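In what follows, a single structure is set out as structure tokens and then discussed.
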Amino acid sequence: MLFSWPYPEAPIEGYWGKPTSLIDWCEENYVVSPYIAEWSNTITNSIFLMTAFYSTYSAWRNKLETRYILIGMGFSLVGIGSWLFHMTLQYRYQLLDELPMLYATIIPSWSIFAETQEILIKDEKKRKESSFRIQMVISFIMCGIVTILTWIYVVVQKPAIFQVLYGILTLLVVVLSGWLTYYHVHDSFAKKNLFITMVMGMIPFVIGFICWQLDIHLCSFWIYIRRTYLALPLGVLLELHAWWHLLTGTGVYIFVVYLQYLRILTHGNPNDFLFIWRWGFFPELVRKGLPIGTSYSLEYLGPIVNTQVDDETKKNN
């Protein structure tokens, strides 16, 4: 095939030396560059950096609570740490890959756990009075969870245990946020948008998880296909752990948008915000009065709003 070349036969000693990480993924090391151990697994972390940057910027621009700025910054650290880990396969950078995943996820976990406790208080006055106390109690619990999981990862050095417990924490966030949406969002149109956004955020995670497991359990098969039929550079497209990065990076962004809108509907002032679908399919929360700049719809794949006419209407009002 034109513009293709075979994989090297012998293992290559790269710039970073022998791997010291507890995990070495299916992607063969240093086959594309002597400076990057796992090429595809490294560069696909760009998706975390891009979505985290936009999520942070959007939270700041829309004057959302600080928690959402911290969530965006947290997931940018995940992208940086994962980049360094897959580039070097050194243990010290492995810690910067998986531990920031925990620390970034703890923030939305704390937020949704506190929201759930607050919303169970029916009296509005008591709810406001108890809000700070509830958030502080949940904060201490979250700190305890972080400490235990960090100890498991660093001292016990059992990534599988860490990953299972982290998965349970993430699942709790999904279940509780779904419960809040179903029982405590009463606007049917908003609820529909919420559930669609929630599902759109979850589907990439599920597909990505399948890719991750296939990469682990059928590694020799993928290596055979890459070496025998694809060669380089096409082989880099069949690195399933890299697809895990792309899919979860997208899913994280969408799910954070879902959590933002859920928070506004249950604890904020929804009249100050507009939930839009850029180009009819990409969800985003926008504070009213701010320019949107692209075509959008108010429901998934719904009628496209003419932004020029919409902007003129806002000016006249």
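Backbone N, Cα and C define each Cβ position, glycine as well.
Per Swiss-Prot, the features are as follows:
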- 1-35: topological domain 'Lumenal' (TOPO_DOM)
- Cys26-Cys219: disulfide bond (DISULFID)
- 36-56: intramembrane segment (INTRAMEM)
- 57-67: topological domain 'Lumenal' (TOPO_DOM)
- 68-88: intramembrane segment (INTRAMEM)
- 89-98: topological domain 'Lumenal' (TOPO_DOM)
- 99-121: transmembrane segment (TRANSMEM)
- 122-133: topological domain 'Cytoplasmic' (TOPO_DOM)
- 134-156: transmembrane segment (TRANSMEM)
- 157-160: topological domain 'Lumenal' (TOPO_DOM)
- 161-181: intramembrane segment (INTRAMEM)
- 182-195: topological domain 'Lumenal' (TOPO_DOM)
- 196-216: intramembrane segment (INTRAMEM)
- 217-239: topological domain 'Lumenal' (TOPO_DOM)
- 240-262: transmembrane segment (TRANSMEM)
- 263-317: topological domain 'Cytoplasmic' (TOPO_DOM)
Checklist line | Close approaches to the topological domain 'Lumenal' (157-160) from elsewhere in its chain (Cβ under 8 angstroms; 6 or more beyond its ends) | finding: 22-23, 98
Next item on the list: Restricting attention to the topological domain 'Cytoplasmic' (263-317), give the mean pLDDT.
Entry: 85
Next item on the list: Determine which residues of the chain contact the topological domain 'Lumenal' (89-98) at the Cβ level, with the cut-off under 8 Å and only residues 6 or more beyond its ends counted.
Entry: 16, 19-24, 29, 37-38, 77-78, 80-82, 153-154, 159, 162-163
Next item on the list: Take the intramembrane segment (68-88) and find every residue of the same chain, 6 or more past its ends, with a Cβ under 8 Å from one of its Cβ atoms.
Entry: 16, 21, 25, 35-38, 41-42, 45-49, 51-53, 55-57, 59-60, 94-101, 103-105, 107-108, 245, 249, 252, 256, 260
Margin query: Using Cβ atoms and a strict cutoff of less than 8 Å, what residues sit near the topological domain 'Lumenal' (217-239) while being 6 or more residues removed from its termini?
Written below: 1, 3-7, 26-28, 31-32, 38-41
